[in-house]
Amino acid sequence: MEDGEEIYDGIRAQFPVTFGKQSKAQTPLELIHNTTRRGGPTTTTTDGKPSSSSSSSPSVITNDLPTVSSSSKSWLRSLRKPKNQNPNFDAEDDEGGDVMVGPPRPLPESGSGDGEDEDGEMIVGPPRPPAGLVQSDEDDEIIGPPKPPPRFNANDSDEDADDEDDDEVENRFRIPLSNEIVLKGHTKVVSTLAIDHSGSRVLSGSYDYSVRMYDFQGMNSRLQSFRQLEPSEGHQVRNLSWSPTADRFLCVTGSAQAKIYDRDGLTLGEFVKGDMYIRDLKNTKGHITGLTWGEWHPKTKETILTSSEDGSLRIWDVNNFTSQKQVIKPRLARPARVPVTTCTWDREGKCIAGGIGDGSIQIWNLKPGWGSRPDIYVEKSHTDDITSLKFSSDGRTLLSRSCDDSLKVWDLRQMKAPLKVFNDLPNHYAQTNVAFSPDEQLFLTGTSVERESTTGGLLCFFDRAKLELVSKVGISPTCSVVQCCWHPKLNQIFATSGDKSQGGTHILYDPTISERGALVCVARAPRKKSVDDFEAKPVIHNPHALPLFRDQPSRKRQREKTLKDPMKSHKPDLPMTGPGFGGRIGTSQGSLLTQYLLKQGGMIKETWMDEDPREAILKFADVAAKEPKFIAPAYADTQPEPVFAKSDSEDEEK
């Protein structure tokens with residue numbers, strides 16, 4: 001025994017005393033999800049009636065599972081046994097105080113015992129309804145569970161009927177809308193979004209020229225990004241796309257060169273820029289102006305597609321950054337450089353669609369010997385720039401979103417006219433997209449905030465089968481919704497929003513039907529600092545301590561020092577337009593050094609250029625007549641009176 005105790009003490013000494021003990025009780029998940037619950041009637045159905053996306057507010061907790069949303073409440077009720085309709089019934093009101101299991105018992109009647117009928121026999125099967133609540137026209141016995149008691153308030157019944165209709169709309173599609181978190185960090189509108197296929201990492205790009213990376217597994221309830229990138233200085237981030245294996249991602253900015261990063265945000269390469277002086281775009285090695293869109297091939301991890309303002313689409317090989325594989329020039333009504341505003345692959349990667357600046361939609365099928373001539377050409381499909389195109393998985397439907405405030409549904413088998421046009425969807429951003437739900441029964445898009453409108457940024461859901469609006473969800477009262485995505489594995493909806501001063505990514509989820517993602521990080525509280533934490537302060541060795549290796553003083557410090565000197569920071573005198581005075585030289589003719597010295601000595605008066613020359617000469621007319629000094633005395637004897645030459649020109653006589 002002594003040897004066993006020594007071994008046990010040796011093993012126990014390797015662990016702290018508090019090993020395996022919980023210091024504080026953890027916060028229940030129910031209370032955590034209550035803090036992220038969306039409050040208020042933010043959902044609107046097709047009838048224009050508000051429908052609350054949550055069952056109760058965070059401060060009010062009811063008995064009907066406050067973490068269950070309206071979209072899944074009816075589904076969960078169908079899986080459970082019906083509750084007792086008798087308000088006076090207590091589940092523990094049984095003989096012996098045990099909890100009652102099974103269907104509820106009816107109210108006891110006079111002259112009958114519990115669980116027996118009038119003849120004293122035991123009741124087999126479902127209980128009978130209480131007397132007086134349900135009346136039938138005939139005296140036949142009722143088979144099945146009892147009906148609920150009738151409601152006597154007509155107004156309450158009408159409101160409940162409306163709520164049930166709204167719940168049926170949400171329950172049919174099961175949209176996760178009960179809870180919401182926001183990934184913040186950007187200082188301007190978030191223009192693009194990308195979630196990897198497993199749903200563990202999220203990328204967000206913004207007009208503040210940065211890309212932020214979020215990891216749900218390593219993120220706590222503070223919802224902070226673990227890395228921030230600036231792909232191209234001074235250029236907005238326009239699109240992000242993960243590779244099929246999610247080991248790399250594509251970043252498209254306003255510059256002419258797209259970049260490839262690995263999963264951790266390290267730069268792998270940058271595609272080459274073309275020669276802007278070559279007129280034929282097929283002879284350039286890359287784009288020559290800013291990019292508008294880019295997507296990775298859905299099946300092949302070496303191929304990507306980009307579109308640009310130079311009017312071309314290009315297919316690239318990620319293993320060769322020096323030249324593209326294929327150049328696609330869209331069909332135009334007249335020769336010009338019309339920008340390609342968006343592009344996309346179909347699900348199998350066998351088809352390419354592009355939105356052209358002239359409002360046309362062009363589709364190319366990737367087949368042997370294919371070229372720039374489109375297989376499908378829809379002229380003037382929109383009256384403004386097309387911001388997004390999306391294929392359905394079956395390859396029959398195409399969705400198009402445009403800045404003309406519309407969303408159109410197209411049948412790829414008949415592209416002469418759209419199947420349905422949804423108007424009154426404001427769009428002020430060139431990156432506003434349209435997305436499908438995981439089962440593709442719904443498709444969704446965001447709206448922008450208008451100046452004089454009281455409606456904020458909305459997320460609109462449409463039924464694909466009936467081609468009608470299902471619901472509108474308010475995301476932000478002041479910010480526009482740009483991009484959206486419904487992740488199939490997480491069953492969570494992502495929506496980016498923002499304005500000129502802020503931006504964020506909203507994540508809508510439901511704890512009962514969503515998985516991982518936001519549920520993981522919301523329940524993880526940030527670590528609290530302990531008094532036992534020790535951080536060693538590193539010793540910094542200055543490599544420029546010796547004068548031999550010391551750098552020259554920076555110009556910035558010299559400029560700051562000069563600005564503090566009142567003499568050196570004096571504003572220079574502006575150049576003069578005249579001959580100069582007060583020791584300053586003018587900029588007119590005659591400002592030589594000799595004339596400047598004569599002016600300083602007083603030999604040249606400074607007023608001679610400001611006087612009229614005729615008046616200056618006539619001042620000495622009387623003096624010259626009375627006291628001639630130079631020319632007049634020489635002719636005084638021979639020509640006392642001046643003789644003027646006669647003019648022969650007729651113009652002078654006139």
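Glycine is treated like the rest: Cβ placed from N, Cα and C.
TrEMBL has this to say about the protein:
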REGION    1-168  region 'Disordered'
COMPBIAS  37-59  compositional bias 'Low complexity'
COMPBIAS  156-168  compositional bias 'Acidic residues'
REPEAT    183-224  repeat 'WD'
REPEAT    284-326  repeat 'WD'
REPEAT    379-420  repeat 'WD'
REGION    550-575  region 'Disordered'
COMPBIAS  560-573  compositional bias 'Basic and acidic residues'
REGION    632-654  region 'Disordered'
#### Entry: DSSP-derived helix, strand and coil totals, residue by residue, for the compositional bias 'Basic and acidic residues' (560-573)
5 helix, 0 strand, 9 coil
### Summary
The correct DSSP tally for the repeat 'WD' (284-326) reads 0 helix, 19 strand, 24 coil
### Query
What counts of helix, strand and coil residues does DSSP assign across the repeat 'WD' (379-420)?
0 helix, 20 strand, 22 coil
### Query
How does the repeat 'WD' (183-224) divide up by DSSP, counting helix, then strand, then coil residues?
0 helix, 21 strand, 21 coil
#### Entry: Average pLDDT across the repeat 'WD' (379-420), rounded to a whole number
92
